[in-house]
Amino acid sequence: MDFPVNTRRMAGRRGFFSQYTHHHLAAFLLTFFSYSLLHASRKSFSNVKVSVSSQWTPSDLNSSAYIVLPNETWNGNTLFPNTKSATLFLGLLDTIFLFAYAVGLFISGIIGDRLNMRLVLTFGMCSSAITMFVFGTLTEWLQFYNKIFYCLVWIVNGLLQSTGWPCVVAIMGNWFGKSGRGFVFGLWSACASVGNILGAFLASSVLKYGYEYAFLVTASVQFAGGIIIFFGLVTSPKELGLPDTGEGEMDRAAQEEGANKPLIGGNDEGDDESNYSIQSDDVVITPKAIGFMQACCLPGVLLYSLAYACLKLVNYSFFFWLPYYLSNNFKWKEAEADQLSIWYDIGGIVGGTVQGLISDLMKMRSPVLTVSLLLAVGALFGYSHSPNDKVMNAFIMSITGFFIGGPSNMISSAISADLGRQEMVRGSSEALATVTGIVDGTGSIGAAMGQFLVPLIQNSLNWMWVFYFFIFMICMTTVFMVPLIVRETRDWLRQRRSSRLER
């Protein structure tokens, strides 16, 4: 779609938000809440673990405790002899889920670039909701308890949940160009934290009726969200006849370049020929999806993936273990620990938005991330010595979330979109979902390993050594960032030198 030059100039003068339409807002909100619902279902499972554990173990503190009954009556519907065994199995389910989720991300990214992402996302949301219903609600209604069945269902749930992130990041990358992407994606990446809060609210509101209703409510809301995505989401501006974000940016660059050229020049013949061929060709060429190995070989993909594996291990360890750490280390009530842990998410939301905005202004991502990671080392050391004071703990926790959750949100969203739409693949290939799946899949492998290592270190040593382990992983993240900083700085100096020569 062609717009007059004067209209384009007026739109550029109106400011940053003038480039976006209500279609951009709809894509932003629909993808935001779709992934929030997927994350809410994960958080709901974490919030009902105590109730699930008590249901899976025999109870000797009820009204019939002193009535002699057969052993089958006491233990007929139980999976484990004690709460400790049930808790270990719940931890195993977390690890199984994350490994299945990591494997699924690699597959889902490839599928997302080859099929309609609206259909893939709808299928993932609705089918994942069904598995949640089967896992937590149907089994309880039927009084069916089986460890192998639970493991299989949770593996399937991890695979289905993995369809969400590559698709929503790719759709956002289609709608929002690199200009301002750091700020927009930094704000949008708060969807996971909002999902955590939503999941906690949904679970706590019906938990008094039984944990199965927490699964029922969460699954129902997620299934309804999948239906809304099917009928309401537009995956790309091209579906509405609008210019693609990459095309729009290239058009603006071409206009700026053309404005500096004379109307009559010696090299116009070749340009006229190429322009004529473009204008006369009205055939829309559908880009082919890039291969998995090709995506891995794109500049920056492997380094960012390895960096994210180390960083997501720390970030997800806070997600899974922070409430337990507060209860275990400071002897606070579980409900108070759950409420206090929200401050880590709040810090991550603010950190992702602010750091994304700064990276937009600098036009470089890796230096901003590296500075944040270096400050995260100090924040982790400070939080490991946090006093037994809730206000001070929440303050230091939010700072830690700012410097850890912020970079994590940026790598998984804005930087993944940058990598999938870089010049090497733009206009000829589709790589956004594949690259996002590679980055987040590698990160999820690191997160899954963390769920095994954190309790192992804590039981063998103490919580202080867990924080030393976190600091080591942050340092490893920084090491993987060094080549990226060198490359971005070299490119920045080259562009600055060329701009001076043009003047």
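Heads up, the Cβ atoms here are built off N, Cα and C, so glycines get one too.
When ASN62, ASN315 are compared in Swiss-Prot, the N-linked glycosylation site annotation sits on ASN62. Under 8 Å from some Cβ of the transmembrane segment (300-322) lie the Cβ atoms of residues 46, 94, 98, 196, 337, 341, 344, 348, 373, 397, 400-401, 404-405, 407-408, 411-412, 415-416, 419, 422, 435, 438-440, 442-447, 449-451, 454-455, 466, 470, 473-474, 476-477, 480-481, 483-484, 487, all in the same chain and six or more residues away from its ends.
Taking residue pairs at least 6 apart in sequence, the transmembrane segment (214-234) and the transmembrane segment (395-415) share fewer than three C-beta contacts under 8 angstroms. Contact count against the transmembrane segment (437-457) (Cβ pairs under 8 Å) is highest for 87-107, out of 20-40, 87-107, 152-172, 183-203, 466-486.
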